[in-house]
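Visitor: I grabbed these lines from Swiss-Prot:
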type     : residues      : note
DISULFID : Cys32-Cys47   : disulfide bond
DISULFID : Cys205-Cys221 : disulfide bond
DISULFID : Cys331-Cys336 : disulfide bond
DISULFID : Cys355-Cys364 : disulfide bond
REPEAT   : 159-188       : repeat 'PbH1 1'
REPEAT   : 189-210       : repeat 'PbH1 2'
REPEAT   : 211-231       : repeat 'PbH1 3'
REPEAT   : 240-261       : repeat 'PbH1 4'
SIGNAL   : 1-20          : signal peptide
Amino acid sequence: MHFFQSSLVAATMGAALVAAAPAADLETRSSCTFTSTSALKSGKASCSTITLHNIAVPAGETLDLTGLKTGTTVVFDGTTTFGYKEWEGPLISASGTSITIKQNPGGKIDCDGARWWDGKGGNGGKKKPKFFSAHKLNKSNINGLKVYNIPVHGFSIQSDHLTIKDVLIDNSAGTKLGHNTDAFDVGSSTYITIDGATVYNQDDCLAVNSGEHITFTNGYCNGGHGLSIGSVGGRKNNVVNDVTISNSQIINSQNGARIKTVYGATGSVTGVKFQDVSLKGITKYGIVVQQDYENGKPTGNPTNGVKVSDITFEKVTGSVTSSATDIYILCGSGSCTNWTWSGNSVTGGKKSSKCKNVPAGASC
């Protein structure tokens with residue numbers, strides 16, 4: 001039997017002592033344990049607490065947590081695994097309002113991404129499933145998930161009022177062949193908080209492509225491409241506003257604190273703050289702002305269609321490797337304005353001779 005509704009049993013036992021509750025109330029209180037995706041699909045609508053016990057998701061299927069009843073709690077218990085197939089995914093999808101997703105002690109979500117890794121990520125080779133779609137997961141919380149070896153792209157976030165706390169994404173086994181393993185991609189979202197994330201990966205630890213009122217704090221990012229705004233431009237939504245990245249470490253990564261916008265595009269990046277961010281072992285740029293991205297690559301020729309204003313870099317400190325560049329700022333004419341630059345110190349690398357249109361107060 002794939003699931004059990006414990007509250008219905010309790011309600012039956014207590015019938016002689018209390019008046020019977022309406023059926024709708026019983027359904028709302030029901031607690032269900034599922035051991036298969038088929039049982040989850042057919043039974044989730046009647047459950048207010050869902051426990052996923054040692055789920056083995058069949059190849060080519062999504063663990064479907066969409067359309068959950070308002071206020072549902074989902075608990076990952078034991079080890080969650082996924083069958084192998086070349087497809088786009090996602091491996092997990094969740095939506096709903098006032099949802100809590102968490103994990104029991106000792107639990108883990110093991111994607112076994114090595115089966116897909118070929119060094120090409122999403123740019124060719126095997127078709128790789130994305131990990132977790134958090135679209136329309138509103139006024140909700142994701143707490144304490146431990147995730148291992150995603151094939152490509154981690155959490156895709158398009159939600160409002162979503163808090164993600166104390167999540168581990170450990171793709172350290174993909175150092176050689178893992179690629180495009182972004183941890184958190186945020187787009188068209190408002191009031192997103194990511195607190196206490198620990199990430200070992202091979203791409204952006206955080207990438208905010210659009211959205212407002214976004215906080216990333218107390219993070220640890222190792223091995224990837226750093227904490228990024230962008231690239232901004234060329235999408236339906238090209239506005240980033242009020243983003244705070246604070247009290248975080250970026251270790252052994254390609255970049256540290258980064259803002260990048262698309263060549264020839266329009267949009268805006270405003271109210272972004274990098275505060276108390278420490279760097280170590282950065283291999284390309286410690287602090288970087290570039291307005292020259294075309295087809296995903298820098299051109300060296302910045303444009304000014306995306307305004308980058310009211311930006312704060314405060315106490316971004318640490319070291320890069322000797323072959324890296326401490327700070328690189330490449331702005332379009334007049335597009336980078338009203339920056340606050342305070343207490344930043346990036347050392348160990350080269351000084352750039354290619355900076356352009358550096359705003360007043362900043363240094364390059």
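Placed from the backbone N, Cα and C atoms, the Cβ positions cover glycine too.
Relative to the rest of the structure, where do these features sit?
Guide: Taking all protein chains in view, 22 other C-beta atoms sit within 10 angstroms of the C-beta of Cys32 (disulfide bond).
Sequence-distant contacts of Cys205 (disulfide bond), defined by Cβ-Cβ distance under 8 angstroms and a gap of at least six in the same chain, are Asp182, Ala183, Phe184, Ala197, Val199, Gly219, Cys221, Gly224, His225, Gly226, Leu227, Ser228, Ile250, Ser253.
Listed in sequence order, Val289, Gln291, Val308, Ser309, Ile311, Ile329, Asn357, Val358, Pro359 are the same-chain residues at least 6 apart in sequence whose CB falls under 8 Å from the CB of Cys336 (disulfide bond).
Within 10 Å of the C-beta of Cys364 (disulfide bond) we count 19 further C-beta atoms, all protein chains included.
Counting same-chain residues at least six beyond the ends of the repeat 'PbH1 1' (159-188), those with a Cβ under 8 angstroms from any Cβ of the stretch are 113-114, 117-123, 134-150, 152-153, 194-211, 214, 216, 221-224, 235-237.
Here the repeat 'PbH1 2' (189-210) has, by DSSP, the following mix of helix, strand and coil residues: 0 helix, 12 strand, 10 coil.
Below 8 angstroms of C-beta separation, residues 171-172, 175, 181-184, 186-205, 237, 239-262, 269, 272, 274, 277, 282, 293, 296 of the same chain, each at least six residues beyond the ends of the repeat 'PbH1 3' (211-231), sit close to that stretch.
Residue counts for the repeat 'PbH1 4' (240-261) by DSSP state, with H, G and I taken as helix and E and B as strand, are 0 helix, 19 strand, 3 coil.
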Visitor: Who are the long-range neighbours of the repeat 'PbH1 4' (240-261) in its own chain, taking Cβ under 8 Å and residues 6 or more past its ends?
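Guide: Same-chain residues near the repeat 'PbH1 4' (240-261) but 6 or more away: 205-206, 208-233, 267-291, 293, 306, 308, 311, 313, 316, 318, 320, 346.
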Visitor: For Cys32 (disulfide bond), which of the three DSSP-derived states applies: helix, strand, or coil?
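Guide: Once the DSSP labels are grouped into three classes, Cys32 (disulfide bond) ends up as strand.
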Visitor: Suppose we draw a 10 Å sphere around the Cβ of Cys355 (disulfide bond). How many other Cβ atoms does it contain, all chains included?
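Guide: For Cys355 (disulfide bond), the 10 Å Cβ neighbour count is 17.
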Visitor: Taking Cα-Cα distance, which of the disulfide-bonded residues Cys32, Cys47, Cys331 are within 10 Å of Cys355 (disulfide bond)?
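Guide: Final answer, ordered: Cys331.
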Visitor: Distance check, please: Cα of Cys331 (disulfide bond) against Cα of Cys32 (disulfide bond), rounded to an integer number of angstrom.
Guide: 55
Visitor: Helix, strand, coil residue numbers for the repeat 'PbH1 3' (211-231) per DSSP?
Guide: 0 helix, 15 strand, 6 coil
Visitor: May I ask you to report the DSSP-based helix, strand or coil state of Cys47 (disulfide bond)?
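Guide: Note: Cys47 (disulfide bond) is coil by DSSP, not helix or strand.
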